[in-house]
Amino acid sequence: MRIEKIDFDLLFISCTKVHLAKRLHALLVVSGKVKDLFISTRLVNLYSYLGDVSFSHRTFNQIPKKDIYTWNSMISAYVRTGRFHEALDCFHQFSFTSGLQPNFYTFPPVLKACGNLVDGKKIHCQVLKLGFQWDIYVAASLIHMYSRFGFVAVARKLFNEMPVRDIGSWNAMISGLCQNGNATEALDVLNEMRLEGENMDPLTVASLLTVCALSNDMLSGMLIHLYVIKQGLEFDLLVSNALINMYAKFGCLANARRVFNQMDVTDLVSWNSIIAAYEQNDDPKAALGFFNKMQQIGIQPDLLTLLSLASIVAQLADCQKSRSVHGFILRRGWVMENVAIGNAVVDMYAKLGAINSARNVFEELPTKDVISWNTLITGYAQNGLASEAIEVYNTMEECEEIIPNQGTWVSVLPAYSHLGALQQGMKIHGRVIKNNLHMDVFVGTCLIDMYGKCGRLDDAMSLFYQVPRENSVPWNAIISCLGLHGHGEKALKLFEEMLDKAVKPDHVTFVSLLSACSHSGLVDVGKHYFHVMQERYRIKPSYKHYGCMVDLLGRAGHLETAYDFIKSMPIEPDASIWGALLGACRIHGNVKLGKFASDRLFEVDSENIGYYVLLSNIYANSGKWEGVDKVRSLARDRGLRKTPGWSSIEINNRVDVFYTGNQTHQKYQEICIELKVMTAKMKSLGYVPDFTFVLQDVEEDEKEEILTSHSERLAIAFGIISTPPRTPIRIFKNLRVCGDCHTATKYISKITEREIIVRDSNRFHHFKDGTCSCGDYW
């Protein structure tokens, strides 16, 4: 075929792959057409649209005499492929070496390429110098640029001064306000736009739906949806995707699904949106179903898909699928490219309890940001490894390039709460105040929880009245703390105050409230609120609510009623339910029902050593040593080991941990002397050791020695010899305080004239003047 008869326009349109573009390029060179400036510039654009900016650059360099269109094309090629630094270099080369002046087509891509405000302001100066500030495309780009860097007031001033606005200008301003969380002002701009007779287009709608989701304004969102239907925009892909995301934010999954099902065309964004909708609203099975359908129709997942999938697998507690997800990500090399996906894998393993795998992935991340560190700290804290969480935080502090943020404090404060490390937690409080985050509701709530769980209930209450209380989060924390300290009546009063303030309780509120009732023996009140939760607030009880009710009834001695309650449950009892009943049987010495509960427990969770210990203790308390031996033998055969009892005390910023019977502490001899003196004084006041709390079949003198060597007594004695007279002592114990130690501590508080605060696995005990705040009900 003769060169003259070749339709080069058709060839350009037909080039959908880079290798086809290279063939066309070769043909243009052979034919001499490449010397045509328009053709060469078209090649620059073609390569960039196909994603190969390096060939765009080569072609551009081979053009001997470039015009403005050619320079603009090369700058746009860099921006289109995300090479913003090269785009700015190309612009500066154009401005200072070409002898040409930029035009209004030059500035929109250049402004998009600006990586910081300084660059943006320099470009703005050139715009002003050349008189392009009121070109609608340039002005919209300036609005976008200032909004991107958080200078929304400057963007608004530019917008207000525009002599003429098109839909792109309005969209730029609305989008900028959305990006900066100014939902109310964005809706005000929408009203201005409609007063000027400008109709919303799909981009406007998508931006506003995002605003409605951010501002929790469901009514406006639904009104915009109605507008969308009236204007015939409901089938627009961008609008449909935004509707799915908005309804997901409001938890309206049926509406989100209805929008998705009505879409004529779906893309990867649509599938990611519907998968994330179900994943973020705690329906991982449905989310996984959509992922499987997406694969069946041949749509390949991207990074966002895998972010959702990692969370789905964690929610489903599917360890096997977690390895598949991790393997898929590794094969794509995405961990090397994107720190967010690496963080998601760390989070996935941590939530599955595979904390060692989480740590290994964390160590292998090529880049770690503050979220990476926060995720690992949270992982350790949520898996009960508070010391390790604090150790990771301390390591993070050594990295100068990592600046702690709100998420850091929310991650590490629960670890200090768990250990009872009050002084270290107070240091974090100081950091938080310095960073002006103490009024943040989530950080403030963690501080409330930390002070409450470290025995400083007055400080927790004081903080509670300082933080914003518009939602249930801080209320839940303080109600829980009051319950732990045995102040059930105060917890109930605060709950009523919460309702008076029109704060809607959630499922966590009722867990805290029912737990408070349980600790204070408020059986009838607890029953009442269990019904109120369902009838007035339409909250479906979860395992935690049922567990609280079983604990409430069982702890009060209503064991048969608790068992009948379990039988009436609409869901199959899990380990937490049977565990609550078994714990109550241990308190009240009901061997028969305890054996029945333990048999059910071993069917649903045979790997938890705590349940074997509870049953063993029931047998030991009733002197049935054969039963003790049988249960211990069963645990040994399954390779289970009892969690050792320990108590900790913080003195001079150092946390000392004592294990039962442990003799390795540097002040052990002084501790023993103090305990002997204290025991003698106690006996003179009427103390008689209660050997039923010795769970070994040994002689009485050995039993007394075992009781004296319990971890809480070692910690209390250490506190006495290490602190000034009459100062409070705070002890933290990982297991329940034994009855004999409880009695002994009452005597010690009277003898030493100290307040002794003990937090065990169930609650707080405030010992003072020979009495305990729990009223011997625990």
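From the backbone N, Cα and C atoms, a Cβ is placed for every residue, glycine too.
TrEMBL lists 686-778 with the feature domain 'DYW'. Annotated repeat 'PPR' per TrEMBL: 67-102, 166-200, 267-301, 369-399, 471-505, in sequence order.
On the 0 to 100 pLDDT scale, the repeat 'PPR' (471-505) averages 93 in the predicted structure. Through the fold, the repeat 'PPR' (471-505) approaches residues 441-442, 444-445, 448-449, 452-453, 457, 460-461, 464, 512-513, 515-522, 525, 533, 537, 759, 763-764, 766, 773-775, 777 of its own chain, all at least 6 residues removed from its boundaries and within a Cβ separation under 8 Å. Using a Cβ-Cβ cut-off under 8 Å and counting only residues 6 or more beyond its ends in the same chain, the repeat 'PPR' (166-200) has close neighbours at 136-137, 139-141, 143-144, 146-148, 150, 152, 155-156, 159, 207-208, 210-212, 214-215, 217, 220, 227, 231. Beyond its flanks by at least six residues, the repeat 'PPR' (67-102) meets 37, 40-41, 44-45, 47-49, 51, 53, 56-57, 60, 109-110, 112-115, 119, 126, 130 of its own chain at Cβ-Cβ distances under 8 Å.
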